[in-house]
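According to Swiss-Prot:
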- 9-29: transmembrane segment (TRANSMEM)
- 41-61: transmembrane segment (TRANSMEM)
- 93-113: transmembrane segment (TRANSMEM)
- 117-137: transmembrane segment (TRANSMEM)
- 141-161: transmembrane segment (TRANSMEM)
- 217-237: transmembrane segment (TRANSMEM)
- 248-268: transmembrane segment (TRANSMEM)
- 282-302: transmembrane segment (TRANSMEM)
- 311-331: transmembrane segment (TRANSMEM)
- 381-401: transmembrane segment (TRANSMEM)
- 422-442: transmembrane segment (TRANSMEM)
- 469-489: transmembrane segment (TRANSMEM)
């Protein structure tokens, strides 16, 4: 009886509304003191939210079911066709868990925040619920609203608690992300009103629609721009290094760990799932853009002398594998893209947290001024080394498995011609080779070499404290666990990914056989698969 009650519990609505509702309790806390009560309250709410998302996975989610589960559907504004529709399938559940997990650690990372702690933790909790909502909603208009909701906390967290150029970085972030979001609204309205006067924005309804080719291309291009900004895709990426360059450590963790994954998830959910004919035509472009991301960002990261910007460009490079996986038309490659999002969420959060912790001690981000601090911070060096090895895809860690899955899935799948696969894989390998070069050289510059006397004398360089070790340990544990046994994560989404890929392969086969790509470059790259 208890099990039946738990299975009927509105897990997803609770995981969205609980942190947002709890955030509105924070203004009633007293302003006196250092904000200790607010910190403990925010941490408690974030941990409970994480437990709620874990409960949704344990009590109501079937990993063998490819369909949307844990569905909650309440008519909200029927005249506008808007419903409170939430649910989770294999593509959203891992990211919901990742969001609540990273947010809880980000709250712990924000423990030293002394300036306006009430507002800071209020925004973090609102952001927690908003980001979970992005992955859980099953209505496209509601998706747009939640997509916009999480922009406000990020903007304020950058503009108020950022570095010297925080206003510029925050303004650039909001212009890029909010400006590109208009394409989501236009696509939602076009798809919701398609062929009817009564709008319906639910994903299940849109997936059943037979959108014509030109309509799909129109929506696909707009959504690719909007989601490409968030992923980000070169050349829509320039907001990210500026945002990371000014953000504090907990905001870093949320940006790298969760925000970028929203773009990859949305490409899978909308472009690949709802617009399969257009996806068949644009998938080769995604492959090319993914390779450009990997090489360009790796080269740029190699040249950076600012620690935050170096890691920011490294993130852009790693997200290129997500693009390749999404465009691969391979179950293995697309599964690798999903795993790469989870893996990079953990690795990116760990690296950016360490960047913040290192800056708190050295008060500089310039690599030229950091040499020789390893003698004073040996535990910090060990943490940096472990997380850097994870980022360069060391075997036994999650990054290795996800990148290998993407490469293998793309290269071995026969949807693309052999020359295209060989050329793209060879170019992407350049970025893979560059990654250990710039990461290991970064470690050498920070921790080894001749000590900077000015830095050593002026700063009391203390080693990592227990709170910092605990945060990194919490991130490294799943990184290593996934690296050793990937099925911990892949089993949760493989049924949904197989269903998605089958749908896209059918579109490719139909498109090629009907000469839909006749006279285009795509026609020379794609060939009809055997299904």
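A Cβ is built for glycine as well, from the same backbone N, Cα and C atoms used for every other residue.
Here the listed stretches are 93-113, 248-268, 282-302, 381-401, 422-442, and the one with the most C-beta pairs under 8 angstroms to the transmembrane segment (469-489) is 381-401. Take the transmembrane segment (217-237) and the stretches 93-113, 117-137, 282-302, 311-331: counting Cβ pairs under 8 Å, 282-302 has the most.
At the 8 Å Cβ cutoff, the transmembrane segment (9-29) and the transmembrane segment (381-401) share fewer than 3 close pairs (sequence separation 6 or more) and do not count as touching. With Cβ pairs under 8 Å as the measure, the transmembrane segment (311-331) is packed most heavily against 282-302, out of 141-161, 248-268, 282-302, 381-401. When Cβ distances are compared across the two stretches, the transmembrane segment (41-61) makes contact with the transmembrane segment (117-137), since 3 or more pairs at least 6 residues apart fall below 8 angstroms.
Among the recorded stretches 117-137, 141-161, 248-268, 422-442, the one sharing the largest number of Cβ pairs closer than 8 Å with the transmembrane segment (381-401) is 422-442. The highest tally of CB pairs under 8 A with the transmembrane segment (422-442), across 141-161, 248-268, 282-302, is held by 282-302.
Non-local neighbours of the transmembrane segment (117-137) in the same chain are 12, 15-20, 22-24, 26-27, 29, 31, 34-35, 38-39, 41-42, 45-46, 49, 53, 85-88, 92, 95-96, 99-100, 103, 106-107, 110, 143, 146-147, 149-150, 152-154, 156-157, 160-161, 250, 254, 258-259, 262, 265; each lies 6+ residues outside the stretch with a CB under 8 Å from one of its CB atoms.
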